[in-house]
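Presented below is the structure to which this report refers.
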Amino acid sequence: MPEGDMAKPLLGHRSMEGDPSTMPAAGRTIGVLGSGDFARSLAIRLVCSGFKVVVGSRNPKRKAGLFPSAAEVTFQAEAVKKTDVIFVAVFREHYSTLCDLADVLAGKILVDVSNNTEVNHHKESNAEYLASLFPACTVVKGFNVVSAWTLQSGARDGNKQVLICSNNQEAKRTVAEIAQVMGFTPVDMGCMSSACEIENIPLRLLPAWKIPILLALGLFLCFFTYNLIRQVIHPYIREQKNKLYKIPIEVVNTTLPCVAYVMLSLVYLPGVLAACSQLYYGTKYRRFPDWLDQWLQHRKQIGLLSFFCAALHAVYSLCLPMRRSHRYQLIETAVKQVMWKKMNIWVEEEVWRMEIYISVGIIALGLLSLLAITSLPSIANSLNWREFSFIQVKLTFSGPHTDHGGQRLTCHPSTSLLWHGNCKLCTGVKGKPCRSTPLRAPWSHGTPHPGGDTER
Ligand SMILES: Cc1cc2nc3c(=O)[nH]c(=O)nc-3n(C[C@H](O)[C@H](O)[C@H](O)COP(=O)(O)OP(=O)(O)OC[C@H]3O[C@@H](n4cnc5c(N)ncnc54)[C@H](O)[C@@H]3O)c2cc1C
Ligand SMILES: NC(=O)C1=CN([C@@H]2O[C@H](COP(=O)(O)OP(=O)(O)OC[C@H]3O[C@@H](n4cnc5c(N)ncnc54)[C@H](OP(=O)(O)O)[C@@H]3O)[C@@H](O)[C@H]2O)C=CC1
Ligand code: HEM
Ligand SMILES: [Cu+2]
Ligand SMILES: [Fe+3]
């Protein structure tokens, strides 16, 4: 790592957050065991954040060149002696090779940063395993959710959160402070039993998206097969016409809007089912069945995928006239027109149909884009709940709700509150919303009702 890069502060806005040297953790000596990618990034970041760093390696001479000159690289036992807080940047498989250090490590804080390459098949989490190897040490789990790359490039890129857990409050606080000085946001995840959960987080691949993506793929496959039979296979069998050229654009372009439409209806259908269930049972304080609950919670992802398909459809549609096949067809029509000596082939009805078709398509796409943009967390957070629900519900004509006939059903905190003026449960004035707290997501569950009773 060149010195030039080292001199640059990693956090541009650090001065605004106050001098980190005033924090109790700042300036202390931190140990790092291991000299791999993670150890190196950690050392660089720690040095830049004003800590003294000692790196413990099995082969310090060979590895010293990889670390910033401000960090001291020495033998494992030497390094451990100089500090009370040690990051163990070694894989779980090699934890047992550190057992020789047990005596020097006694009474110190070990930070377990390890991840698994697959879901843990061991009985206990890596951190609990480390704790069992070193009973005289205090083990804190943390930093595994940030990558070596995030550490080096600064917390302003990537996720700022560092999840921390430990059975020792004191040690947890110390590590949280270190994380804070490094520019991260520590999140207290409780005691050591959470370690397993924390270790599995980096293994998850967009968990909320799995079902919606499978759904979209399944729908795409069904509609694609249908359109393929209709537009390619059927003409071939009936008239021996070769229409294979239609597959890449035309068949895909008739498939995409169908998927978009079905997905869009799947966004709003569960709300209707939920309302029906509430009307049927005459209460909103009844748990929805799990499948409906899951469905309600996946609406955002389903909606975004619908938007994605619609946007692709628009791009495909705009490219239709660009194709060579389209040019040939135009010329063919013109030649036929000349041959038939027909001057005017203008059909008023078809012209209007297409004009309306496309203009409505453009408006629909515009509204969908608005929904999609406001569902980006950074934008959603900058809107207050009323603006958010105005865009998400009113602008897309998904309301007003059907549940406002009976007083008992009114005032559901998970929905747009624009129609809640006459809510009796609510202490709000007419026209005023019943919930003053900012809207996290209309489907966030278990929110206490401002009238006092807790939903579900
Ligand atoms: C591109 C795109 C992006 C989207 N992004 C977002 C987004 O970021 N955030 C977002 O909120 N929506 C998003 N949506 C989804 C859509 O806007 C929501 O469906 C809408 O916010 C919910 O309003 P609704 O009128 O359907 O009411 P629903 O919430 O469906 O409510 C209908 C009725 O069901 C009952 N009900 C619903 N949920 C519950 C519950 N949890 N507990 C008890 N009763 C309940 C109530 O009686 C309610 O009146 C997106 C959609 C699209 C197409
Ligand atoms: N890379 C990343 O982005 C992230 C890594 N992590 C975790 O950090 C830890 C280290 O990862 P990473 O730096 O990528 O791995 P590397 O393979 O790059 O480094 C592992 C280091 O462990 C040290 N080590 C100590 N004892 C042994 C031993 N017996 N056998 C082999 N190596 C030993 C070695 O240092 P030496 O030879 O100097 O002793 C080696 O450099 C892992 O637990 C990983 O899960 C967590 C989050 C992200
Ligand atoms: C800029 C926006 C859009 C443009 C320019 C556009 C254009 C077109 C065109 C040219 C067709 C005819 C395609 C063909 O016959 O093969 C079409 C069909 C269709 N569009 Fe759009 N569209 C747009 C947005 C949308 C949106 C947002 C939706 C719905 C979510 C949608 C739904 C459909 C449907 C269902 C069809 C019929 C598919 C078929 O069976 O042929 N369109 N669109
Ligand atoms: Cu209310
Ligand atoms: Fe409502």
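Each residue, glycine too, has its Cβ placed from N, Cα and C.
Note: TrEMBL annotation is automatic and uncurated.
Here the structure is a predicted model, which means the values were calculated and not measured.
Under the heading domain 'Pyrroline-5-carboxylate reductase catalytic N-terminal', TrEMBL lists 29-116. The domain 'Ferric oxidoreductase' annotation in TrEMBL covers 259-393. Among the features that TrEMBL reports, region 'Disordered' is placed at 1-22, 437-456. Look at TrEMBL and you will find 211-229, 259-281, 302-323, 356-376 tagged as transmembrane segment.
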Go through the chain and flag residues at least 6 beyond the ends of the transmembrane segment (356-376) whose CB is under 8 A from any CB in it; none is fine as an answer. 264, 300, 303-304, 306-307, 310-311, 314, 317, 383, 388, 391-392, 395-396
Which residue counts does DSSP yield for the domain 'Ferric oxidoreductase' (259-393) in the helix, strand and coil classes, in that order? 111 helix, 0 strand, 24 coil
What are the DSSP helix, strand and coil residue counts for the domain 'Pyrroline-5-carboxylate reductase catalytic N-terminal' (29-116)? 39 helix, 23 strand, 26 coil
